[in-house]
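Under the heading Na(+) binding site, TrEMBL lists SER259, ASN291, LEU356, ASP359, SER360. Annotation source TrEMBL lists disulfide bond at CYS120-CYS129. Summarising the annotation, TrEMBL assigns region 'Disordered' to 580-600. Residues or ranges marked as transmembrane segment by TrEMBL: 82-108, 176-194, 203-236, 256-273, 285-310, 330-356, 388-406, 418-443, 464-486, 498-521.
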Amino acid sequence: MGRAEENSPSSRPRAWDTGVGSAAVAADHPPLHPPPTPPVIHSSYTYLLVLVEEPFLPAPGLGYWGWVCGRGGSGLPPDAHLAASIVIVSLLNIYYVIILAWATYYLFQSFQSELPWAHCNHSWNTPQCMEDTMRKNKSLWLTLSANNFTSPVTEFWERNVLSLSSGIDDPGSLKWDLALCLLLVWLVCFFCIWKGVKSTGKVVYFTATFPFAMLLVLLVRGLTLPGAGAGIKFYLYPDISRLEDPQVWIDAGTQIFFSYAICLGAMTSLGSYNKYKYNSYRDCMLLGCLNSGTSFVSGFAIFSILGFMAQEQGVDIADVAESGPGLAFIAYPKAVTMMPLPTFWSILFFIMLLLLGLDSQFVEVEGQVTSLVDLYPSFLRKGFRREIFIASVCSVSYLLGLAMVTEGGMYVFQLFDYYAASGVCLLWVAFFECFVIAWVYGSDNLYDGIEDMIGYRPGPWMKYSWAVVTPVLCVGCFIFSLVKYIPLTYNKVYVYPTWAIGLGWSLALSSMMCVPLVMVIRLCQTEGPFLVVSTWGRGWLRGQPVGRTQLTLPKSDGLILVQSHLWLLPLCQKMQLDRSSGVRAPSRENRTPAGGRGGP
């Protein structure tokens, strides 16, 4: 198998949850358990960075150039448009929910005495459909596969669920069953977040914990299956030479970004609900361990079942391992047909997948809504406007998502998945975020803020991660992503037309260009002194022209002096928006209107 085929873009996992997504990365890069250690460690530090921005600084979700260089706490001006992360999360919310629509459809189909993907006696099956009765005869199975025979689970996925058309330029008709499943998912999402994080937090108690119980059940079941040992060995046995492949690092880094929701704006927005003295540092370190531990344990559950499938079919594990959507909607459904009580295990798996996905969707939609509400608080926080705005966001996202539940919808889904919220976009935003925090605002200044928030000063290694390691990793992975770029294909066969590739890059650039555009707009719009020293406090900002003199502040006022790096000072301070001395923006604690947002 050639390199281009082996690393086909269509097989790479993108927007997947912690457990299934990491297992998919492992399946795509065997035998190396993802993610490599350095990205895991530094992602926790980056997660802390995006989480502490809101309680300490008066920033709405995003727009780092704005708040680092002092926008006076009033929000980005309307003519500055949306920041990169808001664009990314808006595009992500359109297509990520399609996975949940598929899972919902499979869940409904599982409530049958005989799973519909177990046999070839259905209307959607073709003469080439071949059941697994010959799976233990390896030579015969490989011969049948070579002659384009397909399994019933593959035909159920491609011909019943997707009704796959010939290409992206052949959209076909709307799949009403999937459209109704998509509508159901959006209704559940809306009613879980429409009252803010207080109601969402109660829902998350169930959606975030119950899947762990089901994961343990699936793990125990997988470990008791014959052939599980071979699958686990395949999962754990290291091949150090694979670390030389930059694609391993790119895919692992992309999955980590999604599992932590870094650079999507959600964590920054949700972090604003924390009290100022809340210990976010502790939570970030615990989350890093929990996130990696969940990924590691879920790998045992998935690969033990893949080992069972390989033994039953008499083939190598690499021949049954799927990645991306194929892992959840082909490999595992095929595995449950080989187990006793297949209906029970199918229902259990898709409930787990649905709850994990809904949990992620809550966070991303809430982050998107919170960021936009914070941009225009005077308009969107009055009365029931926030609830109406949430309904509008869900409705527009649903209507746009209908393009992905047509007969050609899978091609559109892959286009969004590969370009709109890809690793390239996230790496771009992460680099500028770390650069602005560490080198413009100053990592020492942020350390002072964290110390004031949690009562002690964390170790210095995070400072070096923000200033050096994380930006270098982001730039390295970004360059490798461009150098190793392979045009998008579907199932290693269908090649996307040139206009579709151009559309994909337009989706990617729609978020990436926000960073330089907002910076240039602020540079051109802002008047005033070239050098300004800004003073930051608990949720407010005051800026005044003082040249190069240092501003002395009373200790009782609880303010922290910020002195940007002098070699970047002209760039930063020319974008200063607040020129009035002594004018304070209201703190986060005093900005909660009746019926609006409030800390949990």
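The backbone N, Cα and C atoms fix where each Cβ goes, glycine too.
Known features from TrEMBL, placed on the structure.
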{"residue": "CYS120", "record": "disulfide bond", "CB count, 10 Å": "18"}
{"residue": "CYS129", "record": "disulfide bond", "CB count, 10 Å": "20"}
{"residue": "SER259", "record": "Na(+) binding site", "CB count, 10 Å": "24"}
{"residue": "ASN291", "record": "Na(+) binding site", "CB count, 10 Å": "21"}
{"residue": "LEU356", "record": "Na(+) binding site", "CB count, 10 Å": "27"}
{"residue": "ASP359", "record": "Na(+) binding site", "CB count, 10 Å": "21"}
{"residue": "SER360", "record": "Na(+) binding site", "CB count, 10 Å": "26"}
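Stretch with the most C-beta contacts under 8 angstroms to the transmembrane segment (418-443), considering only 203-236, 256-273, 285-310, 388-406: 256-273. Non-local neighbours of the transmembrane segment (203-236) in the same chain are 19, 26, 30-31, 33, 192, 294, 297-312, 317-318, 339, 345, 348-349, 351-352, 355-356, 358-359, 362; each lies 6+ residues outside the stretch with a CB under 8 Å from one of its CB atoms.
The highest tally of CB pairs under 8 A with the transmembrane segment (256-273), across 82-108, 330-356, 388-406, 464-486, 498-521, is held by 82-108. Count of Cβ pairs under 8 Å against the transmembrane segment (498-521): among 82-108, 176-194, 330-356, 388-406, 464-486, the largest is for 82-108. Cα-Cα distance from ASP359 (Na(+) binding site) to CYS120 (disulfide bond): 35 Å (rounded to the nearest whole number). Put simply, of 176-194, 285-310, 464-486, the stretch with the most CB pairs closer than 8 A to the transmembrane segment (330-356) is 285-310.
For the transmembrane segment (176-194), the most Cβ-contacting stretch among 82-108, 285-310, 464-486 is 82-108 (pairs under 8 Å). The separation of CYS120 (disulfide bond) from SER360 (Na(+) binding site), Cα to Cα, is 35 Å.
Under the DSSP three-state reduction, CYS129 (disulfide bond) is assigned to strand.
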